[in-house]
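Enquirer: Before I ask anything, here is the structure I am working with.
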Amino acid sequence: MGAESSVWFSRLLTELTLSFHIIYATIGVGVPLMIMLAQWVGIRNGDEHYILLARRWTRGFVITVAVGVVTGTAIGLQLSLLWPNFMELAGNVIALPLFMETFAFFFEAIFLGIYMYTWDRFKNPKKHLLLLVPVAIGASFSAIFITIVNAFMNAPQGFDVVDGQLVNVNPLVAMFNPAMPTKVAHVLATAYMTSAFVLAAIAAYRLLKGSHHVYHKKALLLTMKLGLIFSIASAIIGDFSGKYLAQYQPEKLAAAEWHFETEKNASLIMYGVLADGEVKYEIRIPYALSILAHNNPKAEVIGLDQFAKEDIPPLYIHYLFDIMVTIGVGLLFLSLLFVIGTWRGWRFVAAGWFRRLIVLGGPLAIFAIEAGWWMAEVGRQPWILRGIMRTEDAATTSTHVDTMLLLFAALYLILAIGSITVLTRMFRHNPVERELADRGGEHR
Amino acid sequence: MTLEVIGISVLWVFLFGYIMVASIDFGAGFFNAYSTLTGRAHVLAKVIQRYLSPVWEVTNVFLVFFFVGIVGFFPKVASYYGTVLLVPASLALILLAIRGSYYAFVTYGGLRGKRYTLLYGLSGLLIPASLSIVLTISEGGFVSRQNGALVLDYAALFTSPLTWSIVVLSLTAVLYISAVFLTWYAREARDSRAEALLRRYALLWAGPAILTAAGIMVELRAHNPGHYARMLEVWWLFALSLLLFGRSVYLIWKKRQYGTAFLLLAGQFFLAFFGYGLSHYPYLLYPYLTIYDSFTSETMGIALIIAFIAGLCLLIPSLYLLFRLFLFDPDYLQGKRDNHA
Ligand code: HDD
Ligand code: HEM
Ligand code: HEM
């Protein structure tokens, strides 16, 4: 294996690990907030159902967190193993948020252990709820810190390179880079959104399978409401992300939108295929790209013609962008219909086909997360640190990356199968009806 | 103190913390697997589950803290060790994944499987072995530069007696530390059968642990005379460590004050590890890398130290709460509570 294939396999392994980790990480960031809200509603209304909801979510949550810890430890170490040159530079400039992230992990891990093993231990249930607050804060802050590092890769600042030496390092300037506000906000909002839709999918699945318990109906309404709120937030912040790109990474936006020529009154291309440099079967929305980029239908949007060929990211990120936005808008309308429909008493929101759509929403939300990250990361290519270091210069020179790729692929396969088996078994063997009866709750 | 020394001390303390808490975890897994094999699972399983399940993630963060911190304070470590350690560190990661998934799937998830328990137990021995390779490599002599790239000489590494004596030391130390701690824990939990069994293990592994530690000195003398000479300069640290060792074995032998015995053991390892680190100073990798030529920019160093102090203010009270609830709460220890979600 030569140096070139080292780069290739390092990319594959990074992509694989991150794509796998992000599923568990997203759930790990969003679900504690959902548990907290459910338990809070339960305590406030004295409703045992919501408290049980929180408790059952917690059981599933600890499993996803454990797999998240395992895969997260892998990616944390792999960054140094696979991209030693990048990490050497990163260590000098952006180590601060990475370091702070470990404290967020510590905080979260400690309180998760306490929360998990202290159900019914306190006389006052609010005390127990209070223990969850640090878990939710820790999880969200680990997302914030790691996303700051990623934002830095897109918009590096806070240092100068003079004769190959790093000088004038300022960690705070590096952290508060232009990519940071939109990126952090979008990642958080989409994590909450995805978690809400995943939990809604579980409730809808139970209802589809013939359970008519109000427990599931309460769960569904709560999660769909939260899903609605966070999908609106995600779409708005996504729009701001587009404006960020137009200003600081125009090549990424242009590639994602197949915007070849710099022009005013730019129209937005949705869908379509690219064949021999020609865009076909697309939907053109006049002025929409100028609006997305600059909030002004007449504004000029920079196109790919302004960049050297070797600096242009792969054009297939357009499909990824479409997938993300379509799913986002789709889920927004799905949850809007559901919430209004439930409020207005429309019958179809309880129909089988509608519930099937909600079940589909869970996996789709995760798919949107994957598509979004792939678009953002591939859209940064050929740079690992935009404008400063190219990906091929950052990789390890070790010649064993291909073997490691196989090993880790096998590991993730086992982890995926294991977590799916365990999670389905857990809820199948212990249905809500039985648990409510055991706890002296009512039957329906 | 210079920033470099503060940085390495912080990392050193967390590495020491990891070695202690992880040894307890690894050894317990091994004893658990061993007793499953010999049909005595019920004796140990309870003690182990009650202590380990709430804290294993915290244990893991110690490791994450160490490797994230070392790249932060000493970025050159990434480019030296990163290249060289790809294979051994990846193997350690896979083994760590087996352990983590055991907690996920078996303790939390309710899957049962004897083979899984055995694998989990075995990983507890293989992880210290694979991680300890890093210490061996740091002694120098196994890494060289070829055409500008760093390469690890696997043949030399795996045929060196130093490698194997460090591996064996890591194993005996893990089993010894873990057995002493669990003996104490079993007594607090009033589980006299587990206590008796674990005490036997503790006494059994005390001898090998101290013998292999002495063996390292001999090997180092041949492999890295400079380091050996510096170790002799701080001989009193090692002598003190030996004294603590003797005292804690005595207490366990007499079945007295297991808590004190464990604290003495912690002191023993602290001193020995401190002596080792002090004599390794200033090298991170003989002879390529010292803490001085690999240190991060000064502003970053200061920022990291400030973040560290702020982090500790958050961490110490939380850890205190965790230990109060799970380590020193008599009802929890004795299994009178089952408050699992
Ligand atoms: C449930 C997931 C999800 C949904 C529904 C959306 N996004 Fe998104 N998007 C992400 C999940 C995501 C993400 C995974 O969180 C990304 C990848 C990297 C990042 O910073 O966030 C992202 C990145 C990302 C970027 C690139 C930012 C960058 O590279 O710096 C843009 C321009 C948008 N999004 C825009 C949108 C718009 C206009 C949406 C309209 C509905 C939208 N996203 C919905
Ligand atoms: C701190 C945050 C992150 C860091 C430091 C980071 C680092 C890297 C590195 C070193 C590469 C390899 C260079 C390359 O091939 O592009 C990469 C690529 C990639 N990363 Fe990120 N990443 C981060 C966040 C994420 C997250 C959370 C995901 C989510 C899945 C992700 C997905 C990817 C993908 C898919 C690629 C492949 C792009 C390509 O090779 O074309 N990244 N990232
Ligand atoms: C935006 C993308 C990411 C999010 C939201 C995220 C979030 C999380 C979460 C919630 C956990 C579980 C933590 C715990 O409970 O202890 C976790 C684990 C971890 N993540 Fe990620 N992560 C992301 C990307 C990354 C990347 C790119 C890295 C590499 C630097 C990384 C490194 C880690 C590590 C080392 C752990 C294990 C920590 C532990 O042992 O507790 N994460 N991550």
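Here, residue 1 is simply the first one shown, and the rest follow in order.
Placement of Cβ uses the backbone N, Cα and C atoms for every residue, glycine included.
Under the heading transmembrane segment, TrEMBL lists A:20-41, A:61-82, A:94-117, A:129-153, A:184-207, A:219-238, A:316-341, A:353-376, A:404-424.
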Enquirer: With the transmembrane segment (A:184-207) as the reference, which stretch in A:129-153, A:353-376, A:404-424 has the largest tally of C-beta pairs below 8 Å?
Expert: A:353-376
Enquirer: Given a Cβ distance threshold of under 8 angstroms, which distant residues of the chain, six or more beyond its ends, lie next to the transmembrane segment (A:353-376)?
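Expert: Same-chain residues near the transmembrane segment (A:353-376) but 6 or more away: 18-19, 22-23, 26, 150, 154, 190-191, 193-194, 197-202, 204-205, 207-208, 220, 224, 227, 252, 256, 317, 320-321, 323-324, 327-328, 330-331, 334, 338.
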Enquirer: State, in range form, which of A:20-41, A:61-82, A:316-341, A:404-424 has the highest count of Cβ pairs under 8 Å to the transmembrane segment (A:129-153).
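Expert: The stretch with the most contacts is A:20-41.
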Enquirer: Can you work out whether the transmembrane segment (A:61-82) touches the transmembrane segment (A:316-341), with the criterion being 3+ CB pairs under 8 Å where the paired residues are 6 or more apart along the chain?
Expert: no
Enquirer: To the transmembrane segment (A:316-341), which of A:20-41, A:94-117, A:219-238 is linked by the most Cβ pairs under 8 Å?
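Expert: Comparing A:20-41, A:94-117, A:219-238 against the transmembrane segment (A:316-341), the winner is A:219-238.
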Enquirer: Counting only CB pairs under 8 A, let me know which of A:94-117, A:219-238, A:404-424 has the most with the transmembrane segment (A:20-41).
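Expert: Between the stretches A:94-117, A:219-238, A:404-424, A:219-238 has the largest tally.
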Enquirer: For the transmembrane segment (A:404-424), could you work out the same-chain residues 6 or more beyond its ends whose Cβ comes under 8 Å from its Cβ atoms?
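Expert: That would be 9, 12-13, 16-17, 20, 60, 63-64, 67, 70-71, 74.
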